[in-house]
């Protein structure tokens, strides 16, 4: 990809925009950065660019700048359907994501992981497996480290593991991972997409440029994902918790079995620190993607056994009066909450709600009816969730997250579980899911009595 001397527009600042701008400037591009936020809101990021000779257009998007650019690189937080981008595309300007830009300069084989839920856990675990095998690995993408940072670092790694959101996949053209993983697809981000099908189509682009020399690792327990097997050009490697596979990776009676080209490997889930039905899927996907990439089976198994998981994902906080409190603030959509509820039997007090993302809460109905003893709702979405689920169990509404914890403490009995799994984003009441998690954890730790960890 030729960059020197080109007029390149970076849309959206934040961490990814900064990394892209610095890379482009280092390669001799004429860089302009545009963001709808004002200078005062972007002060921390602007400090990281003050040594560069570039143009800034803040608080607005100038359509003329879009039309005069040779290349437009869009940060993940910017919708691809804003009018300046649509106009630029209509005028045949090249519009790509940071992922597409970075991949053009990376020679190492790549494992790319997407799905509605489980991406970060699977990506992190795959990276840990490669590292346990002595493979120098870059782990990044939607997980927090922009892929372009690998290019700017100059590090010659042997392997790349990248987490991809639907937003990042919207802007690819030639991006081609050696192993592409699709974990699941459920309704999400319908506040950004015109339809559910548009969201699905964005996810499926991960396979777009693969060939028969590549692998598609597919969760065949998910009907939407399983259907991909008939359309992808790469070799399909399935994984399942529900059925035995002649070739692929599956879990039966607590044993994960990996079968490929006549060989068979077994991993006992009893030895794993990472618990939860949904995490078995994540583990199988991580094992499949790394073993297909040449990871040592024994070292891979040891890496899985020692992996404890990530914060804010079904994290045990403490026990109070015999009631176990779990924080799952990363459960920002209905599909994720389904998996979390499936990890417990009856007697759940569920705290949910936040900023509505546009999807239906109906998929939670059976689990709420069968397993949720008390439902406590917060945030902008509480009225809508109550309308869809409130008649299925004992339901309460709370003004704040702290109030919700207090209500849960009053209602839950010894031997039961309080689960905070919102099914919504956090932006109505909090900066992000991490701040929301810390507020919940602080409220739980403030409860009198119990075992605090």
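Note that Cβ sites are derived from N, Cα and C of the backbone, with glycine treated the same way.
Worth saying up front: this structure is predicted, and the values here are computed from it rather than measured.
For 115, 116, 117, 118, 119, 120, 121, the entry in Swiss-Prot reads ATP binding site. Annotation for residue 120 (ATP binding site): same-chain Cβ neighbours under 8 Å, separated by at least 6 residues, are 142, 143, 163, 310, 313, 330. In three-state terms derived from DSSP, residue 120 (ATP binding site) belongs to a helical segment.
The Cβ neighbour count for residue 119 (ATP binding site), using a 10 Å radius over every protein chain in view, is 22. Following the DSSP three-state reduction, the secondary structure of residue 115 (ATP binding site) is coil. Residues within less than 8 Å, Cβ to Cβ, of residue 116 (ATP binding site) and separated from it by at least 6 positions along the same chain comprise 183, 184, 185, 186, 187, 188, 203, 333, 335, 336.
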